[in-house]
Every structure is written in C-alpha cells, then in structure tokens.
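> Grabbed the feature section from Swiss-Prot, which reads as follows:
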- 5: N-linked glycosylation site (CARBOHYD)
- 1-28: topological domain 'Extracellular' (TOPO_DOM)
- 50-56: topological domain 'Cytoplasmic' (TOPO_DOM)
- 78-97: topological domain 'Extracellular' (TOPO_DOM)
- 119-143: topological domain 'Cytoplasmic' (TOPO_DOM)
- 165-193: topological domain 'Extracellular' (TOPO_DOM)
- 215-239: topological domain 'Cytoplasmic' (TOPO_DOM)
- 261-271: topological domain 'Extracellular' (TOPO_DOM)
- 293-309: topological domain 'Cytoplasmic' (TOPO_DOM)
- 29-49: transmembrane segment (TRANSMEM)
- 57-77: transmembrane segment (TRANSMEM)
- 98-118: transmembrane segment (TRANSMEM)
- 144-164: transmembrane segment (TRANSMEM)
- 194-214: transmembrane segment (TRANSMEM)
- 240-260: transmembrane segment (TRANSMEM)
- 272-292: transmembrane segment (TRANSMEM)
C-alpha cells in the first residue's frame, strides 16, 4: 500500500478585514470602541431589568436574554479580531477555531429563536391582552427560553461534529475575520458536500421557521391594531412592535442576501461586510433600538441614576 505523506494542518491564518497596514490601527480603534459600548450597553440593560421589579414581565425577560446573547456573540468574534489587527502572526489553532465557531453558531441560532419568541410575545400582548398574564406565565416563558438556548446548542453541536469529518491539508488561509463555517468548507481536502447539505437543511429550516413565526405573529397583530378605534392605542401598539420589527429586519436582512447572492470573489468580500454587520453592529444596535424609545426602560434608568446621584 502506498504511504500517505499528506500533512494535516492544525493551524490557520485569518486574513482579517484588510491587507493594508495603514488601515489596521484606525479599524482597531473603531471596533474597540464599538465593542466596549456593546458590552456596557447590553450588560447595563440586563442589570437594569434585573434590578427593577416593574420590568419583571415576559417582554423584558426575553429582552434581557437577547442582550446576553448579543454580548456573547460580540465577545466571541471581536476580541480575536482586535488582536489580529495588531499581531504580526494571525494564526489560530484548529481547536480555537472550533471553539469560536461553536460559540458563534450557538449565539446566532439562539438569537433567531429569541426573535421569534419575542414576536409571539408581542402577538399575545396585542391580540389577546386580557389573557396575556395567563398565556405568558412564568412556566411558558422559561420553556420558550430553554427551547431557544437548547435549539442553539444542538444546531451548533451538529455542525461542530460534522466539521470534524473534514481534513485540511492544502491551504490554511481562512478568508474571513473569524472561523465561520463556509470559509472552512472552502479549504477542506475532504468533500464538504454533506456539510453544505446540512447547512442548507438545518440553517435554512431554522431561518424559515423563525421568519414565518415572526411574519405570522405580526400579521395577526397588524390586523388587530388596524381594528382599534383609539388613536392612542394604535400608536402604543405600533411603538411596541416597531423596535422589534426593526431589529428583526436588521438581523435577517444580511443573512437572506448572503443566501440569495450567487457565489463570486466579490460576493465573498460582501459576505465579510455582512458578517461585520450581524456579528458586531447588530449587537451594538439592539439595546439602543429597544431602549431609546421605550418609556419604561428610560424611566427605570432615570430612577436608577437619581438613586445613585
């Protein structure tokens, strides 16, 4: 039998966002500021919800969970990217790569389920206000949250296990700023067809399920809103739904474009820009979107500031 002299790679190079040295320090500073604001704002929102009994309702229970997931995703991707802006050696080991991918896939999938859960919560609040406390009880809220995190964990675990069937023996250059799944497939020596198929089936099914849940929830909510005769009631309902609809649009927009865009070198660059948006920018925007136009959150923050001044 012929001896197989193929050397399997256990380290990779992340190309990052730019090859131009003059851009590295400005980008480092920009993303460092974004990361710090993201962490402070999301953790601050969690602390605010935790400490104010008036915010201990399902809407803010899920919002606090979303803030945690946003901080998780940002912390999974951004620190390594910041290090690579300054480091001459942008290597990442296979084990580190797998940990980063699992952590990101877990957070991203959990966020999809949380957005769908929050849409259902708004549907019940608008369409069945009298039954809201009965339907959205503590038991259901905990089960919905557990389902979201368990779904994220299992989805990430399945892809993680399937990645270990791949071998890497030619190029060790990952054209991305973090270990995402598709760039890993592109440098695999093993045929990744099964992996691509599972991404299409599992990730596609999750996105379709969560998007349909959001659309159905807000379609019924919209019809209920339009039946309201009170202008104040209509404004309040739209205000309640507006922040979540904006967050959903920002999150799913780049993902949908990535799936629909044909493969090309230009598409790879655009995919990286889209990845920056939903891994770094959206975790920054979500707490701002949900906080700035939310009277209860603003009032709670104001009371907290007055207590501590």
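Every residue gets a Cβ built from N, Cα and C, even glycine.
Computed from a predicted structure; not experimentally measured.
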> Mean pLDDT for the topological domain 'Extracellular' (1-28), as a whole number?
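Mean per-residue confidence for the topological domain 'Extracellular' (1-28): 75 out of 100.
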> Which sequence-distant residues neighbour the transmembrane segment (194-214)? Criterion: at least 6 residues beyond either end, Cβ under 8 Å.
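For the transmembrane segment (194-214), the far contacts come to 109, 112-113, 115-116, 119-120, 151, 155, 158-159, 162-163, 165-166, 181-182, 185, 248, 252, 255-256, 259.
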> Would you mind listing the long-range same-chain contacts of the topological domain 'Cytoplasmic' (293-309), meaning Cβ under 8 Å and 6+ residues beyond its ends?
45, 48, 51-52, 54-55, 60, 239, 242-243
> Of the residues in the topological domain 'Cytoplasmic' (293-309), how many are helix, strand and coil by DSSP?
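Result for the topological domain 'Cytoplasmic' (293-309), in helix, strand, coil order: 14 helix, 0 strand, 3 coil.
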> With pairs fewer than 6 apart in sequence excluded, do the transmembrane segment (240-260) and the transmembrane segment (98-118) have three or more C-beta pairs that lie under 8 Å?
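The answer is yes, given that the two segments have at least 3 Cβ pairs within the 8 Å cut-off.
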> Which stretch, 29-49, 57-77, 240-260, tops the Cβ pairs under 8 Å count with the transmembrane segment (144-164)?
57-77
